[in-house]
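Sequence annotations record features per position, and here TrEMBL assigns active site to N14, D203. Here TrEMBL flags 301-311 as compositional bias 'Basic and acidic residues'. Annotated domain 'HotDog ACOT-type' per TrEMBL: 1-116, 172-286, in sequence order. Per TrEMBL, region 'Disordered' is recorded for 298-328.
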Amino acid sequence: VAWQMAIMRPDDANVAGNVHGGTILKMIEEAGAIISTRHCNSQNGERCVAALARVERTDFLSPMCIGEVAHVSAEITYTSKHSVEVQVNVMSENILTGAKKLTNKATLWYVPLSLKNVDKVLEVPPVVYSRQEQEEEGRKRYEAQKLERMETKWRNGDIVQPVLNPEPNTVSYSQSSLIHLVGPSDCTLHGFVHGGVTMKLMDEVAGIVAARHCKTNIVTASVDAINFHDKIRKGCVITISGRMTFTSNKSMEIEVLVDADPVVDSSQKRYRAASAFFTYVSLSQEGRSLPVPQLVPETEDEKKRFEEGKGRYLQMKAKRQGHAEPQP
């Protein structure tokens, strides 16, 4: 088990003092990278660094505030031949009262990449299970995420186009992009971007979209599975684009796309590196959830994405209520 602690500072939070979801995601990924890299180098053989391939859906169970201490614990729960599943828990501690609460539970998948050849995926040393059922359950989760990763690749050609003079509450009105030059501090020993850095930037863009749409204090409620389709090399220029896809009465779903442009390598074209859906809620000054302005989809594509978002929302609502399928 890997443990980390960090005190939350003003630059980790929004203007209301709530810690950014992206800051927490970055801490989660760092803990996962440490434990999986350590495990993959536990036997004699070729040295490697574990690279993030996927983050399963994670819910932000309660807000973390400036001055609180984040306790991050990570544990390996399953290994396949070429991947490691890591489960991470985040607790927040009020150091004045000693009160602790669970803020996040996340599942991450890593693959070990050789230090000598970044395109070479190495074999993972098997983990020892305390019960045989753990291995069976882990294999089911592995097969399910593998299937889902394949299904997300068809969206890779989709791009966010700017629109002049958009109307309020439309997709175009709140859509936002952030451009970032990948430097050495963003990267692993391989010279590729840390998954946590990418997730933090994705959350930042999603937060801008949500704030533009409802013009209130907003916080990350959950993140659907994040798929890392390809590595991002040092020196690339990355464009992180966000657009609203769906609104319920009190939540907003935002799709975030990450495109990498290898400007120093003219032989390689721009490519889709990662994608995910973030869910945000609007909060009053007292921290209570507020109704959000309803999204007005205009184009056929926007209407289609709205219906798909509604499907995901109803599915999650049904799961929370303990049903397998959404109720009519």
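Backbone N, Cα and C define each Cβ position, glycine as well.
All TrEMBL annotations are machine predictions without curation.
Only residues 6 or more beyond the boundaries of the region 'Disordered' (298-328), in the same chain, are considered here, and those with a CB under 8 A from a CB of the stretch are 170-172, 222, 224, 245-246, 248, 251, 253, 255, 277. The least crowded of the active-site residues N14, D203, judged by other CB atoms within 10 A of its own CB, is N14. Taking the Cα atom of each, D203 (active site) and N14 (active site) are about 12 angstrom apart. If you take every residue in the domain 'HotDog ACOT-type' (1-116) and average the pLDDT, you get 94.
Remark: secondary structure over the domain 'HotDog ACOT-type' (1-116) totals 23 helix, 57 strand, 36 coil, with classes taken from DSSP.
For the compositional bias 'Basic and acidic residues' (301-311), the DSSP-based tally of helix, strand and coil residues reads 11 helix, 0 strand, 0 coil.
Helix, strand and coil counts under DSSP for the region 'Disordered' (298-328) come to 21 helix, 0 strand, 10 coil.
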